[in-house]
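S.K.: The structure that follows is given in the form of structure tokens.
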Amino acid sequence: MKNILIRYGELTLKGNNRNAFISKLIQNIKYKLKQYKDIIVYKKDHNSLVLEIKDSDKLEEICHILQNIFGIYSLSIVEIVEKDVDLILKRCLEVASKHIGSFKVEVERKDKGFQVSSQDLKTKIAVSILKNNQNITVDVHNPQLKITVIIKHNGAFIFTSRIKASKGLPVGVSGKGLSLLSGGIDSPVASYLTLKRGMQVDFLHFMTPPHTSKEALDKVFQLTSKIEKYNQSNFSLYICDFSIILKELMHIKEESYRITIMRRIFIRIANKLCELIKANAIITGESLGQVASQTIESINVINEVSKLPILRPVLTCDKEEIIEISKKIDTYNISILPFDDVCSMYVPKNPVTKPKSFIAQKQEENLLLDELIDYTITNLIKTYIWKDGELCEKENK
Ligand code: ATP
Ligand code: MG
């Protein structure tokens, strides 16, 4: 029988919230490993979690899923034996028996009642390995094989590697946010970074059919599906048909303000939706100075219409840094597909870079906004919920 030792991430630092954090993490792990529930036994101890895996063939798949769960610092595949010196020696010898090259032994004695000190045990193990394997030498700085033994209250844990995981905080401990997801590179990365800090993310996408294509919408489905492995497994994607409002926005006289006002309406709709779905923040992929509509003046004029905080996790990132993350999370190749999410007819030639709030307000006064926003929210948002590996449309909101 194999075991996976899961080390908790940053949550070990969180004082009184610790138990809540651990419970959330375990809940998230159980959810993501639902399909393996019959072959896993969960064993929780003070600083770590052990999954006993009854079918070793599934070990690799399970580790792969665990690596993407926020709140996990690292994993090790461990063997757990009784706290008996001879037994520990025997297992360590077996582990080192076929190895050729350098090695190192590390012993940590968490159970101070164990009769042998960590130093003595380490020496015993190293000496017996050297005696039994002629092809092996000690290298304490850069060993090719590192055998670690941890003496815990519930057994001696033996392992040879630490697999890095995603760190961060368990999704859900920081509440829920609504991510404005375009088909571009930045907003999926912003969603991922928000998830990393423990905030569950639902998505809102604006489309303007027939000007925007089915392929553009399909990108959004693909992007949310890619991010699912980091998200809560029952997230929602809201698709808002923005065409009626877009038509109204064509009446804006000050053409350079069209994008600013469109963004303000995105945010107004997002605020109302957040209220309905009990989300406490809005997330966008805006990056300071990246394009004309992402200046600090523009951000201020957009923030003005929001009751909720707008989180912009990639605000200070260069495009190159954002692309690097999007490649890591495998959204890049979807994002660069050439289908526009915003009606290109609508985009002004010279969008204002330093919009003024009073001008935006003045332009909006001439439009029938409140009614159209309410109508759109009630009638033109479709909800999709992630269920059993795919997004399913929800009948009634
Ligand atoms: P992205 O790469 O995320 O598309 P971008 O650099 O292209 O960002 P903009 O098109 O100016 O920037 O959009 C800024 C942000 O506004 C996006 O990151 C996203 O959060 C939001 N946004 C833009 N278009 C849409 C849309 N059609 N639906 C939902 N949100 C959108
Ligand atoms: Mg975009």
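Counting begins at 1 with the first residue displayed.
In case you wondered, yes, glycine gets a Cβ from its N, Cα and C as well.
Note that this is a predicted model, so its numbers are computed, not measured.
Residues annotated as domain 'THUMP' in TrEMBL: 60-162. The ATP binding site annotation in TrEMBL covers Leu180, Leu181, His205, Phe206, Arg263, Gly285, Gln294.
Show me how these features fit into the structure around them.
M.R.: DSSP assigns Leu180 (ATP binding site) to a strand in the three-state reduction. Within the same chain, the residues at least 6 positions away from Leu180 (ATP binding site) whose Cβ sits under 8 Å from its Cβ are Ser187, Phe203, Leu204, His205, Phe206, Phe266, Ala270, Ile282, Ile283, Thr284, Gly285, listed in sequence order.
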S.K.: Taking Leu180, Leu181, His205, Phe206, Arg263, Gly285, Gln294 as the record's ATP-binding set, what's the max Cα pairwise distance in Å, rounded to a whole number?
M.R.: 19
S.K.: Enumerate same-chain residues with a sequence separation of six or more from Leu181 (ATP binding site) and a Cβ-Cβ distance below 8 A; give 'none' if the list is empty.
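M.R.: Those within reach of Leu181 (ATP binding site), by Cβ under 8 Å and sequence separation of 6 or more, are Ser187, Pro188, Ser191, Phe203, Leu204, His205, Val220, Leu223, Thr224, Leu237.
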